[in-house]
Each structure stands twice: as structure tokens, then as C-alpha cells.
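Below is one structure; the comments refer to it alone.
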Amino acid sequence: MATATTNPRLHSLRRLRRRFPNRVFAAVYTFVILALFYHHALTLLHFTTFTSFCISLTMFISDIILAYMWSTTQSYRMNPMTRREFPENLVKFLDRKDFPAMDIFICTADPYKEPPINVVNTALSVMAYDFPTEKLSVYLSDDGGSELTLFAFMEAAEFARIWLPFCRENDIIERCPDAYFSSNYDENPMTGEVKRRYEHMKIRVENVVEKGKVSDEYISSELQHQLLSQYWTKDFTRQNHPSIIQVLLNANKDKDIKGHPMPNLVYVSREKRKTTPHHFKAGALNALIRVSGIMTNAPVVLTLDCDMYSNDPLTPQRVLCYISDKSSRPNLGYIQFPQLYHGLNEADIYASEYKGLFQKNPIGMDGLSGPNYVGTGCFFLRHAFFGGPSSPVQPEIPELSPNYIVNKPIMDQKILDQVHHVSGCNYENLTSWGSKMGFRYGSLVEDYYTGYRLQCEGWKSIFCDPERPAFLGDVPITLIDVLNQNKRWDIGLLEVGFSKYSTLTYGIRTAGILVAQAFGHYAFWGIWSFPITFYAFIPSLTLLYGIPAFPKVSDPWICGTELLAII
Ligand SMILES: O=c1ccn([C@@H]2O[C@H](COP(=O)(O)OP(=O)(O)O[C@H]3O[C@H](CO)[C@@H](O)[C@H](O)[C@H]3O)[C@@H](O)[C@H]2O)c(=O)[nH]1
Ligand SMILES: [Mn+2]
């Protein structure tokens, strides 16, 4: 793979030297594991009682699982590498007016679990990116179908008119208002005014959420009343309602208080009917791919969870460092940033930071064909959603093709009619959405599954982990939430592991053994539970009943067992 050789550079990569000792270590360790298996087989063949046979068998099975899980981690160690971008050099390669357009997707699903004011903060943080504003379009997917969220975004659209110029003119780094006002910012009359406006918006949004409805005193125009009244019809529930799509800011028309264009801001609540499967977040994202395709069809798409705000306004420019250099990675499909968190428990007692998952393993995968997709903080090239690099899939209407150039304004009646059509709950029937196009259906972890399928199709990815975190998010900090999240992830991953797209079969065939192993580590994460449970109980029980579970100290085989335990 090539590194940009031009001087000045847009990016660089460094292969870590530890890959050599890692490979030697893997070979030695494999040998010791094989020896241990041989010993297990001998013990099984020479069992004395039925109990000792059962114990030996259980220990053998546990060790097979542990050995398999160990083998999957070796993919991450074979060729780890790190990257750096130089966004300061970008202007020498690409004029600002030639920056590609970006569509940003933000997902929210429940105004009570995901407070609209936080969602608004996420949206404002990306609307204020250091990027030509008229090229940015922010699409909010509201799977909660809630007037509270729409109201919050109406307020946000107004506040953005002061927030964006404020950030631009004062070179603010912290562009999420809540994070900015919680930091040590400069107090001056300008910040005072912006803060007053922010607090005003925040109180209004929180009051409305507390009341559970937008009452008349909060509605300031006939248009707002009209929009909100769509939610007040009989039978309207979050699982049963028509599509509501509203352009809250139009880049061609709306200006901030300094006269600069605003980004597009579009609220989308796709149609839901109880009788039609909605496929959760994957379904929401596919609806956004189509709606944004009709309205703006930007070649670059960022997906963000509503609980993850942008912490660095330069992030899109970092992405351009890779995208604008075709040699950076042929068949590039997406660029993933790590999930990093704020507000962890001081000691992170539930180990929710997942450093291995989000920071360490992706470095190893980057040396293969790239990191997996983790659901948020990921910039896709739109064409990756439409079949493999050498086997493109044509969408059912030409307007959805990634090459289609939108030639009508966003508010054109034809466009508005079409976006309602493509966000309908029956639109996907008899199409390839969810199977060959867009985010893939069939697993609770649509992110992992989609990234995996894209890589099997031939797409590559890049892991971008700048010093200043690009995004910061919330993490579950209570035991119940952690357990629920883990349960959901494990089930979703096993769904992939035991499907016809298993990493052990389809994965190895299409992506090769190393990449398949790297994905297999997650797919079979759930099977850790077997050896952990067996090892927790069997050695203590055997000790109690005087049955040997391990070789005696005088037995030379103890060396192998100890070697595996120590290293
Ligand atoms: O029907 C749904 C359900 C969820 N979401 C959104 O999906 C996101 C992730 O859901 P969350 O409940 O926060 O799941 P987590 O376990 O915290 O998320 C991790 O795991 C998910 C499933 O693998 C990924 O989608 C996420 O990006 C990843 O951060 C949130 O923004 C939700 O609003 C929807 O849009 N529609
Ligand atoms: Mn989350």
C-alpha cells in the first residue's frame, strides 16, 4: 500500500516494529497450544472414571474455545500501523471551493432516553464544522417520531444563526455549545449574549420535554403550528405514523446573522406502521441514504449517534486528506474514528471504555484491510452503499445512484414528493436495501455487520485516530445499562457468527483468513462465557473432590500449561 510521497504530505503511515516479535510469538504460542491439545487427547484416552472423563472433556472444550479466541486476536498483531494526517497542508492540494459536499446523518430514537437538547448539541457541533457551510447538510433521523424533537430542532435552527458565526469569528475549538459553556471560556459581552441565547433555548426545550407536549405558549408562528399539528392526529404513535420531513434550514436561502449561508438542516421521521418491520437503526439510516440522495446526494456521508458530539472542527478536513489522495487506499469505502467517551466513572468500574475494541484492535485491522465500522464517527463514501467496488448495484430509481447530480433546489415540490415516497415504510419491499445496498439487515449490531459485509465485498477502510478526539460520546455507566448493551451486542454478533455469512465460511472465502479472523473475534465474542464459567468452577470443585484437573508439578507437561498461563 502506498504512502503519499508528495511533499508536503497529506498523510503518513507508520508500520509498528512490534509486528516482527508478534509473529515469532504467535508461532511459538501455536506450538505450545498444539502440545497442550496433544496432552488433552492423551488424558481423554486414558480416563479412569466417568467423572474424570467429563472433567477432562470440559477442560479440553474450554481450551479449544480459548485457543480459537486467542488465534483470532493474532490478526490484530500481524501488521499494526498508525496514521497521521496533515490538514494544514490541504489547501495546497485542494481549493476550499472544490471540497466535496458532505451529508451528515444523526440518529435519535427516544426523546426521554436521549434528551433532545443533547441531540441538538450534537447537531450544532457538526453544523459548525470548519468546512464550507453551504456544502454541509445535516439530516436528523427521529425514530421516536416526536414533536418534542422537532420542536428542539426548530429552536436549534434559530440558535445556529448566531452560534455558527460566533464559532467561526472567534476560532472556537469546542463547537458543541454545552461542552463550550462548561469549559473555561473567555467571558466577554459577545459570549455573554450567546450564552444567554443558548440557555434560553435549553430551558424552552427542557420545559417542553418535561411537559411531554409543545403547548401553545411555545409556538411562535402559524407555520410551526401547522408542522407540529401533524403529530396531533388520531392514531399517531411512534410505531404508527406517516413520514414527516421538514427542511428547517435551506443552504440556498437561509443566512446567519452575519449574512453567511447556513448548512441544510433536515428533520426526517420515516413512516412507521406496526405491520411493517422497520429494522431499527439500519432501517433509519437507509431511509436517510435515500432522502439525502434525493435532496443533496453528497459523495461523503458521516453517520453519528445522537449521543456523540464533534470535538474537533477540523475533522472533515482530516477525512479529505485521505479522500483527495487516491493512492491513500484503493477501494476506500469508509474512514472510521474511534468511539471515545466523556463522563466515564472515575475508575470505569464496568470497563465501558473498550480501549481494545475501539482503539487497539482497529490499529491492527488497519494493517489488513481496515477497521470495522462502529456505528458512529464514520465517514463513508456514498458509492460504498451500492455494491462492491467491482460489482456495483443499481438502485431502483436513478436519482438514488451515487453518481446522480441533483439539479433541483431542496424545497422543490418534486423533491419533497419524492423524499416522502422513498421514506415510506413499504418502499424497500422487493428491493436490495438491507441485503445488497445500504446498511445491512439481519443483526442487532448493524454497524459491525455492515462493515464486515462491505469488507467482504472488497471495500477497504482507514482508521483515523487524531490526538484530539474527533468525537466524544456518552457511555452506559449503570450496571443494568451495561448488561443490556452487552446482551444486545452479543446476540447481534452471534447472529452474524452463525449465519450464512459466518466469518468461518463466507468471511474466509471472500475476505481471506486474517480479515475473517479479525471479524471472527467479535462474531464469537459470546462464546468466551463457556470457558470463563468452566474455569471458574471446575478447578475448585476438582480440588475439593481430589480429582486432578491439571498435570502434577512433577509431570513435565506442567511446563506447557504454565507457559500458556504466564504468557
Ligand atoms: O430503532 C432505533 C434504535 C436506535 N437508534 C439509534 O441508534 C443509535 C445507537 O443506539 P444505542 O441505543 O445508543 O446503542 P449503543 O449500544 O450505545 O450503540 C452502539 O451499538 C449500536 C449497535 O451495534 C451501534 O449502532 C452504535 O453506533 C454503537 O455506538 C442511537 O443514536 C439511537 O438513537 C435508531 O435510530 N433507531
Ligand atoms: Mn449509544
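Here the Cβ of each residue, glycine as well, is placed from N, Cα and C on the backbone.
Just so you know, TrEMBL annotations are computer predictions that nobody has curated.
The model shown is predicted, which means the values in this text are computed figures rather than measured ones.
Through the fold, the transmembrane segment (20-38) approaches residues 60, 63-64, 67, 70-71, 74, 77-78, 80, 560-561, 563-564, 567 of its own chain, all at least 6 residues removed from its boundaries and within a Cβ separation under 8 Å. Summarising the annotation, TrEMBL assigns transmembrane segment to 20-38 (among others).
Look at TrEMBL and you will find 44-70 (among others) tagged as transmembrane segment. Packing against the transmembrane segment (44-70) from elsewhere in the chain are residues 29, 33, 36-37, 521, 524, 527-528, 530-531, 534-535, 538, 542, 545, 547-549: each is 6 or more residues past its ends and has a CB under 8 Å from a CB in it.
Positions annotated as UDP-alpha-D-glucose binding site by TrEMBL: LYS113, GLU114, ASP143. Cβ-based neighbour count (10 Å, all protein chains) for GLU114 (UDP-alpha-D-glucose binding site) stands at 19.
Feature annotation from TrEMBL assigns active site to ASP143 (among others). Under DSSP, ASP143 (UDP-alpha-D-glucose binding site) is assigned to coil, being neither helix nor strand in the three-state scheme.
The Mn(2+) binding site annotation in TrEMBL covers LYS281, ASP305. Contacts of ASP305 (Mn(2+) binding site) defined by a Cβ separation under 8 A and a same-chain sequence distance of 6+ are given as ILE106, CYS107, GLY375, THR376, GLY473, in order along the sequence. Secondary structure at ASP305 (Mn(2+) binding site), taken from DSSP and collapsed to helix, strand or coil, is strand.
The active site annotation in TrEMBL covers ASP447 (among others). Using a 10 Å Cβ-Cβ cutoff, ASP447 (active site) registers 24 neighbours.
Residues or ranges marked as transmembrane segment in TrEMBL: 522-547 (among others).
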Close-lying recorded positions around ligand 2 among LYS113, GLU114, LYS281, ASP305, ASP447, where CB distance stays under 6 Å: ASP305
Site of maximum Cβ density within 10 Å, from binding-site residues LYS113, LYS281: LYS281
Site extent for UDP-alpha-D-glucose (largest Cα pair distance over LYS113, GLU114, ASP143, Å): 12
Integer Cα-Cα distance in angstrom, ASP447 (active site) to LYS281 (Mn(2+) binding site): 9
10 Å Cα neighbourhood of LYS281 (Mn(2+) binding site): matching binding-site residues from LYS113, GLU114, ASP143: ASP143
Cβ under 6 Å from ligand 1: qualifying binding-site residues of LYS113, ASP143, ASP305: ASP143, ASP305
